[in-house]
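Enquirer: I have a structure I would like to understand better, so I am pasting it below and will then ask my questions one at a time.
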């Protein structure tokens, strides 16, 4: 909505433009009227719409044509004033003033126009019959107001309607020639209807209508008012009310009726409450809510956010199988202005779930959102949510102080979402590793083979706490450039034990990106069921890890009838959670011993602190 309104008064000489302005300001008819009034600014706190309003007069005797065009360009709305007792001034509206304001062209945005019939005290019958054909001819005319500067009749109403034409314009909402909502308006209202239809039965119950009413206007409808609304709809629209509930057709009819009766501010209130701008597009503030993350901190969804996401999944999971099919996903995202994830994410994302049907995925969540990295600040999946729930979800994102001011790898992380990059040469088994994370073997490759799964997400328990671990498959050769992004919470460097060259590639990536950093790394020897190949020149994998003070390579295989071991995934999550315990370790036992000792040390410290507290209390 515009932050200020600039009203320009035009019209023939002696029609009363200046008198109207002075009567508004002085609240009395001026005995002496100057040729032109100075520009007047009405403060925001004394206007009904709470916006500052500038009122500008025009005098053909004092201003040039160039000055007039400049004022028209700056005007938010133009009031064309005519004398109801002089028919020639009415005709000038059509032949002179409207073409002058909007250039006589039908292209581009048009300045809204208010027709003002002044001196109604001289013609009691009014002039509406003469003006109606003009209003029908020019759609930019918002309304016509008859008034009298002498009797102070409808003076305040005149400037109120001028404000309203700017702040709540009719043109984007309604086509007066077709007498129906414009497509963009109907589309926006349809989206709002779907968001308000919480039980997804294609109709708004009394409870949903009152929730919608409270969301938009701050209070519910009285029971009788609610019945009156449904009665009006049922009398005018076939199928507008079904089973005592308002359908989409009925909802659209109500808004059309508001506009036709001059109450388009009601429809604008609804649209703006759900994030729409004057051009009927979702505003940047709605699409990209501000999220400030202080240095040394990250942001994650708290349990309220996860509960909300779970409720959305359950709401759209029509067959109650614990997963969303493509059709159910389409239903969920039908109210979104665009895809909730970027092009880097596949269309089918594997995830452990109850459903065993192909091409079924859970409620998608962008790893960037979960991790609180830059993608989180863009909040790409918030725009489609209904306003009250959207606000609740935005509030569920909280700042989590990690004590990691020096970056990943320093101290224990308190985050619940961890990113592991699985790096390795093509063919070493990265995709199988991701499938094994989800409990799938080699014979259970879901999804089209031409669309490999880049991400896999599941929960892992670390020290009795549940963590979300995201595995991201990355081709190792893509990280051989210095500018490549290798950042993560833990790196999984995978090589084929039967292919010496695959280990050499992993070793190169380690030296380039991780050797001098603090990110914990774990080498994994895949296809451990196959015979080892020839030893590569130089250090063996075990010697390489010992030389660089890394944990010994972990053997992994997806072959065999049994599900692959999941211990390696718990280990990766633990390394990401306790990165300071990983570096300098030469074997697995030492690492897990430190984890255990850390937990025991914390418990001992707590007991000693409590004992000291009891001694101090007794001494008092």
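Just so you know, glycine gets a Cβ as well, placed from its N, Cα and C.
According to Swiss-Prot, the protein has these features:
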type	residues	note
TOPO_DOM	1-594	topological domain 'Cytoplasmic'
DOMAIN	2-168	domain 'Miro 1'
CROSSLNK	96	ubiquitin cross-link
CROSSLNK	119	ubiquitin cross-link
CROSSLNK	164	ubiquitin cross-link
DOMAIN	184-219	domain 'EF-hand 1'
DOMAIN	304-339	domain 'EF-hand 2'
REGION	340-364	region 'Disordered'
DOMAIN	415-578	domain 'Miro 2'
TRANSMEM	595-617	transmembrane segment
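Tell me about the surroundings of these features in the structure.
Expert: Taking a C-beta cut-off of under 8 Å and a sequence gap of six or more, residue 96 (ubiquitin cross-link) has no contacts in its own chain.
The C-beta environment of residue 119 (ubiquitin cross-link), restricted to residues of the same chain at least 6 apart in sequence and closer than 8 Å, consists of 15, 16, 83, 84, 85, 148, 149, 150.
Counting only same-chain residues six or more apart in sequence, the Cβ atoms lying under 8 angstroms from the Cβ of residue 164 (ubiquitin cross-link) belong to 49, 142, 265.
Listed by sequence, the residues of this chain that lie at least six past the ends of the domain 'EF-hand 1' (184-219) yet keep a Cβ under 8 A from its Cβ atoms are 172-174, 226, 229, 242-248, 251-252, 255, 267, 269-271, 273-274, 276, 280, 315-316, 331, 334-335, 384-388.
Summed and averaged per residue, pLDDT over the domain 'EF-hand 2' (304-339) gives 82.
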